[in-house]
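According to Swiss-Prot:
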type     : residues : note
DOMAIN   : 458-614  : domain 'SF3 helicase'
MOD_RES  : Tyr984   : O-(5'-phospho-RNA)-tyrosine
MOD_RES  : Thr1040  : phosphothreonine
ACT_SITE : His1110  : active site, for 3CLpro activity
ACT_SITE : Glu1131  : active site, for 3CLpro activity
ACT_SITE : Cys1193  : active site, for 3CLpro activity
Amino acid sequence: MSQTLSFVLKTHSVRKDFVHSVKRTLQRRRDLQYLYNKLSRPIRAEACPSCASYDVCPNCTSGSIPDDGSSKGQIPSWEDVTKTSTYSLLLSEDTSDELHPDDLVNVAAHIRKALSTQSHPANVDMCKEQLTSLLVMAEAMLPQRSRSTLPLHQKYVAARLEWREKFFSKPLDFLLEKIGTSRDILQITAVWKIIIEKACYCKSYGEHWFEAAKQKLREIKSYEHNTLKPLIGAFIDGLRLMTIDNPNPMGFLPKLIGLIKPLNLAMIIDNHENTLSGWVITLTAIMELYNITECTIDVITSIITGFYDKIGKATKFYSQIKALFTGFRSEDVANSFWYMAAAILCYLITGLIPNNGRLSKIKACLAGATTLVSGIVATQKLAAMFATWNSESIVNELSARTVAISELNNPTTTSDTDSVERLLELAKILHEEIKIHTLNPIMQSYNPILRNLMSTLDGVITSCNKRKAIAKKRPVPVCYILTGPPGCGKTTAALALAKKLSDQEPSVINLDVDHHDTYTGNEVCIVDEFDSSDKVDYANFVIGMVNSAPMVLNCDMLENKGKLFTSKYIIMTSNSETPVKPSSRRAGAFYRRVTIIDVANPLAESHKRARPGTSVPRSCYKKNFSHLSLAKRGAECWCKEYVLDPKGLQHQSIKAPPPTFLNIDSLAQTMKQDFTLKNMAFEAENGHSEHRYGFVCQQGEVETVRRLLNAVRTRLNATFTVCVGSEASSSIGCTAHVLTPDEPFNGKKYVVSRCNEASLSALEGNCVQSALGVCMSTKDLTHLCHFIRGKIVNDSVRLDELPANQHVVTVNSVFDLAWALRRHLTLAGQFQAIRAAYDVLTAPDKVPAMLRHWMDETSFSDEHVVTQFVTPGGIVILESCGGARIWALGHNVIRAGGVTATPTGGCIRFMGLSAQTMPWSEIFRELFSLLGRIWSSIKVSTLVLTALGMYASRFRPKSEAKGKTKSKVGPYRGRGVALTDDEYDEWREHNATRKLDLSVEDFLMLRHRAALGADDADAVKFRSWWNSRSRLADDYEDVTVIGKGGVKHEKIRTNTLRAVDRGYDVSFAEESGPGTKFHKNAIGSVTDVCGEHKGYCVHMGHGVYATVAHVAKGDSFFLGERIFDLKTNGEFCCFRSTKILPSAAPFFPGKPTRDPWGSPVATEWKPKPYTTTSGKIVGCFATTSTETHPGDCGLPYIDDNGRVTGLHTGSGGPKTPSAKLVVPYVHIDMKTKSVTAQKYDVTKPDISYKGLICKQLDEIRIIPKGTRLHVSPAHTEDFEECSHQPASLGSGDPRCPKSLTAIVVDSLKPYCDKVEGPPHDILHRVQKMLIDHLSGFVPVNISSETSMLSAFHKLNHDTSCGPYLGGRKKDHMTNGEPDKPLLDLLSAKWKLATQGIALPHEYTIGLKDELRPVEKVAEGKRRMIWGCDVGVATVCAAAFKGVSDAITANHQYGPVQVGINMDSPSVEALHQRIKSAAKVYAVDYSKWDSTQSPRVSAASIDILRYFSDRSPIVDSAANTLKSPPIAIFNGVAVKVSSGLPSGMPLTSVINSLNHCLYVGCAILQSLEARGVPVTWNLFSTFDMMTYGDDGVYMFPMMFASVSDQIFANLSAYGLKPTRVDKSVGSIEPIDPESVVFLKRTITRTPQGIRGLLDRSSIIRQFYYIKGENSDDWKTPPKSIDPTSRGQQLWNACLYASQHGVEFYNKIYKLAQKAVEYEELHLEPPTYHSALEHYNNQFNGVEARSDQIDSSGMTALHCDVFEV
């Protein structure tokens, strides 16, 4: 393959050599050939794209070659071509000899023919797929600009474009499937190009494209890697285990023979016939032989038929394959069975049916396999061929990906910066993947090709970096111009100044030339005589250089295209005092950017005056440049005397300030300071640099401190770099700066108090602080000395640079590696450690390469750790501290550092899963080696077999303890336990702190489990103790002790190493631990006859209690009274008691999410029988982090809605405390006579009603029809001009014939869909944050209402009574008090609520009678009304009205705006909050009510419950509202799955709290997805205003930067966020001066901040009137209330006055017309009068007289009009 590839690539490159060598001798031949071709070639419609690349085009001459490759005319046959020296040289590596031009053209012509004709003999050795793959590979290896020289390149590009157009609109799954199944390299390349293109534009197509591209670029899937090799490896492992590793191989041999049945198998194969029926018979006989007929008989026919169909559809290209499988004769081969097996194996490995050439090679290998030895050799040859062909497929796949990425690297495809950055990241991923393949020993022969692919990707990476750099700002350079007469020494001074500014040689730019390829980009740039040429626009050139915008230089060389100007200091020289005339348009911009130094040489000038005409002697010039006079002009001085006029009029009107005289040193210092000051704003944003340390000393001590720091670096083998001054140099670690007191520095500073050479002796013992005399913590010292920037892989090793080993680990298993790596990782890096461990398990022989690849993506801890890994693949040394360095060695290198003995390498078997990384030759060699060992073991004597058995028995486990030690008494139990000093201290401190008596083995095992992330209680507590110990590790001080022994320095601890009691978790970073039990008021204790506690029970209501059977068995008492009426169902049981607890808990048959103390629960919730100390119990296994104790049985496990789903019945004890056994809730009928009416009867069967699953009711309540809205008499003719009309009236309405029932059903369907909402842990954390935020202004323990009538009078009496009583509340009241039916209903519900029992959560459904937009009327869209039960509303008002009022009373400060008056100064407070934010987002939501998650609503109700007094009334209200709502209409009852009914009590407050929780969850999830751990209260760092689904979010810049992800998370929760105006598009920040909230535009008017009501809402007040109920809404009402109607129009005029005079005049005309036609006694106010009235009411000067708060009359925001 590599030889043929060299031919393809060398075809063009070699042509340049031989064309020049034979140009003269072949001139006449070329002329004749061109003439002949011109006469003989047929006319073509378009020119051949390859003609320009050849002397004689092979595309055009190939047409005269026959399909069989024979000779016809002047081109020789293929057989003759292969005999030429040119063909031989092409296939060899020696290309020093010249290639004959004619032969080269003939070879190219035949290759062209072979690509177009499958029967050409060249295809015998290579199939068309291979030839095409070679050309694609050549494309990938060449730069994109050189690919046009390849054969068929344009054709392949066109093919890929056609595939792109065909597949571009396909989904991602389809494209990924195509990559795995397609065998067309052009199609695969096109698919990769589509995936990568959409990944680069993932903002438009979705982030999943980018994530999928990153994942798939790292994967190369093949059948042989994933299935075939592991299968064969497992077979070899099993064979070894049963033979070589079997202590009794002789006993196994008969079983092996009986299992394989070799004689029967040989007879079946010998009688095989190569026909379709023969293959069916042979395969069926083999299946019968091994008893697998039944499991495969259904697929045998389809397998054989499918394979032959594929062969039959093959073209003539596969002629030999057809002949092989359809008609092999005896003279060709004795039996084709093995050929068929080899062909199938070749297909599985390479993915292609073997072509003629490959089958010929297979046939040649198998033809001579007549003996055992020759068969083994043939098998090895086949394995080598298969490995080579498989490697070819891998290289082809990498080539396709490289071509796709390289073709996307152009500005027309990846145009914006984001797409370039993503393309850069993908190119780096593929580059690293190819680099990993270069480390694979199987791919060593393909390393030249892989390196070329990496070179192509390097070009892409470089190009992307250039394109990124062009789009970014750069530091503004400093430009100084040295002006003066010729010969004064300006240029020499400029060069000397450049040396003082930088150690680098200066770059030089000459403006007389228009290209700058010689520019090197060094820190200092010199432009000599920049204004010498009048043809150059040097003013604009200088302005472009001294700018923050990138400056692209004009370069001629292709590799320099895109070169940027990057120098920091620019030194120019000029002979002109005024380089740019002040009258120039660019003079201001020019002089603002440059500083001019007037240079004079007084000695030279005096010599010229005294001796004119003589040369200036050398004595007039000094080495220290003291002969020069350097005068620095003031800012914008265009000459020595004047400054530019800012107005650009009189440039000689402003005198220049006196100059500042400098020397060469002070000038260099001034330029450095100017550069620092000019770019200070960019450095200030970076903040304090934590990797820079400054050591401040006096000027005379600088060199001594530098030597001391270098000695420290050498002594500790540190990674930091020592620098003198504040300028830093490149370093792999921190930088230590030696500073003087007056130097500015951005980093940590330490004052050196002891500085002398004698301090070097103090370095012994690592006393660095004492040697330098600095007060520096050990943590900072460790960070300074050992911090590593990034991840570094070292291929070359120097022993003096290796760090001292702290740990040496022999990798005998995966767990050794995982346990050692945990020392290097942060907690966030544990997942990467597990992945690395799995990779090592699957490929242990590639440990160094895998560690090298794994290290690039993991995060390391700040502790300094050095570990040496002894692996079968070599030695790996890993050093980490923030970053990491790794050395991969092929030999043992163990240095001092506590290692007492050199460990021996581990022995990891290379088979099983690791077989996928081994070449086929090694797999078959392992197989034959195993067979040889088995054979030798059988032939040898019994003594050898006995010895083998004795040898195998060595590895059996031995007893470790006898006698007194067998019970593991004593701390050092077991054998082989060795602890380091640090581990010993940890063990002692852990036992002492936690008051435990753990052995060393148990301690190490506990630490191991905790490191791997176990969630049992012991592991969780150990991690907490470890974190606390780590935080206190540095709590010590250096003290001086003066005693009898003299003066000595010691370190004493300021705090003990013990775990810290965190108390209440205010970090919000993790779930809180065990806390208060759920349903505390509903839990009671079950005792025995003596009063001893046995367990717990939970009150279900009405004196019925639930517990577990083993607690209730025997004589059991509850509150001193014997229980009765005990019923059991398995382990779950119920009983009755006359003692009733103050509250009750709801029960539900579902899966729990929390244990009794609030900790998360992990369970599959599948009941199984378990053996316990109380017998066999059927329950569900669960794990929690809470430790339980005997007597906790019966405590409740709850779901997200607070419903009890199971009871605790057992735990795993001290050994496995996290294991819990939970008895699920099952229904037990404990009912007596019902005490309350309930519509929804669970005992009735489910029915389907218009697509809804519901229960049928005994009574039918129809949906009210008609409307009370009528057209005003003033607009009977023009009412259609109004944008709104009354909502659809049902099937008889011509505007929309949709029935009211259909409207209700369509509205209810979204409520029946399940909405998950945010993740459990995220919601729980945000709930804690919101409670903590509200606690600042909402008191706790707010008392609930104890009077039923007082609670009832808090309700709105104009609303429905609900499903149990018809009409409105005020219809059932006499003299302000409820009548008997209403009072009886309230009393029944109140009685249950006082016992804490949840009430039926049922609503009656109606449709809102309101004005709707005309387009929504046509669609039949109406809003539903959920009529809540008056009893439930009364109980909820008693429970939560006080909490709700406390929240709404603080709307000016909190996030909930319920209760705000938008026509009062409150709107000014809102405006103040809005304008103080960095970014403001106004958001509305579609279908808000139906998309609410029940878990979020339950969390909001729990917030209300948190601030209440937790009375039984509160328990009843909370449990009622958290239960699923039931909608009742048309005689059916529907239980909904999600959503929040609009008629739910306190719906506005609950909706607003839901809104806060949703936004908080979205922000938290977005930040932590970006790697930002949220340990603070989010609601304290941003502001928001919510009123139901209306929201305004005031985000800081950190939140605004992830706003797209925040709104994406909200959509993922099931919500539908939209813009306020409902327009299509992403939600963007809005102008804070015009925010829309609650249909009001908060803006500034001449009268101040006002909330302007929508104009259309004001206008439609004049078109419609509320009157009697009717279906004829176009007819005016029979009677009009002049008082309420007049007040309504008066208010409309007041609101209109805030929109200005022009709009008010329009409203004034409508008001006059309404007064005239409606016969009202009203005089509409003038504009100024209306304005005055509104402002007086706004400021509270005038009492309001409108009906805005009266729901029974026509007001601007009542249910009649949509505001």
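Using N, Cα and C of the backbone, Cβ positions are placed for all residues, glycine too.
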For a quick check of packing: other C-beta atoms within 10 Å of the C-beta of Tyr984 (O-(5'-phospho-RNA)-tyrosine), how many?
12
Excluding near sequence neighbours, so keeping only residues 6 or more apart in the same chain, what lies with its CB under 8 A of Cys1193 (active site, for 3CLpro activity)?
Gly1095, Tyr1096, Thr1107, Val1108, His1110, Val1111, Leu1207, His1208, Thr1209, Gly1210
Relative to the Cβ of Glu1131 (active site, for 3CLpro activity), which residues of the same chain, six or more apart in sequence, are found under 8 Å away?
Val1108, Ala1109, His1110, Ile1177, Val1178, Gly1179, Thr1209, Val1223
Helix, strand or coil at His1110 (active site, for 3CLpro activity) [DSSP, three-state]:
helix
Test of understanding: give the count of other CB atoms lying within 10 angstroms of the CB of His1110 (active site, for 3CLpro activity).
21
Limited to the domain 'SF3 helicase' (458-614), I'd like the whole-number average of pLDDT.
84
